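**Q** In case it's useful when we look at the structure, here is the feature table from Swiss-Prot:
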BINDING   114, 134, 135, 136, 137, 138, 139  S-adenosyl-L-methionine binding site
C-alpha cells in the first residue's frame, strides 16, 4: 500500500513513522509512506501557500495552486490518479474502524493536512474524495489526524500484524469493545487472574471473553450494540447482564 501525506510540516512525522509496527511495515515493503511538502509546489517566490479570504474574515486560507500541484505530482509518480484523496478536516465524517478497513483496501491514498482557517473550496470540489474527522474538536492542523489515520489503516494491511485473529478480536473490529487481557504473574498484589483463563478449556475461555466483551460494550458504549452482529447466544447473555445491572441499581 502507498500512502502520500501532503503537509506543511513533514518533519512532524519522523518519530511516529520511524518506530514500532509502522517502521517494520515500511522495511518489509508492505507500506510505503511518502511525505510531500506542500510549499514545494507554491507558485510564488516566497513559497507561501495561504492568502486572505475573499469576502473578509479572520485568518488565512490555504490556496489551490500548491495543493493542486502536489496532488498532480503524486498522480505523475504513480502514473494514475490516487485511489482516494482524503482531507483531514473537523467538518469531515467521523473516522471509525470500518472507515480504516475501507481505506486499507486501496492501493494508493493521499492524505491532505489542512492548516490556517481552511482550504480553498475548489480543492474540495475538484480533488478531495473523502473528508475525515478524528473527533469533535479542533487541532492546529491536519498532521496529528493524518498520523492517526496512517496507523489505523496500515495495521490492517495484510502481513503488517502477525496474527489476523488478533486484528479481528480488537475493539471495534467485530462491533464490540475488546475483552480484558491478563498475563504473568497469576497474582499481583492480591489481584488474581480469572481462573477460567488458567483452565485450558478453550470453549469456556471463549464464552468468558465474549461475555466480558458484551459487558464492556454495554457499560461503556451501549450505542454500539445496535450495529453489532449479535448472535442468539449474545442476546441471551445481554439479557442476563442487564438483569444483573438492574439488580445492582436497585440494591
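Note that Cβ sites are derived from N, Cα and C of the backbone, with glycine treated the same way.
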**Q** Which one of these binding-site residues has the most other Cβ atoms within 10 Å of its own Cβ: 114, 135?
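**A** For the binding-site residues 114, 135, the Cβ with the most other Cβ atoms within 10 Å is 114.
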**Q** Among the binding-site residues listed here, 134, 136, 137, 139, which has the most company in the form of other Cβ atoms within 10 Å of its Cβ?
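**A** Output for this query is 134.
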**Q** For residue 138 (S-adenosyl-L-methionine binding site), list the number of other Cβ atoms lying within 10 Å of its Cβ atom.
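**A** Summing over all protein chains shown, residue 138 (S-adenosyl-L-methionine binding site) has 7 other Cβ atoms within 10 Å.
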**Q** Return the maximum Cα to Cα distance in Å (whole number) over the record's S-adenosyl-L-methionine-binding residues: 114, 134, 135, 136, 137, 138, 139.
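**A** Spelled out: the longest distance between any two Cα atoms in 114, 134, 135, 136, 137, 138, 139 is 16 Å.
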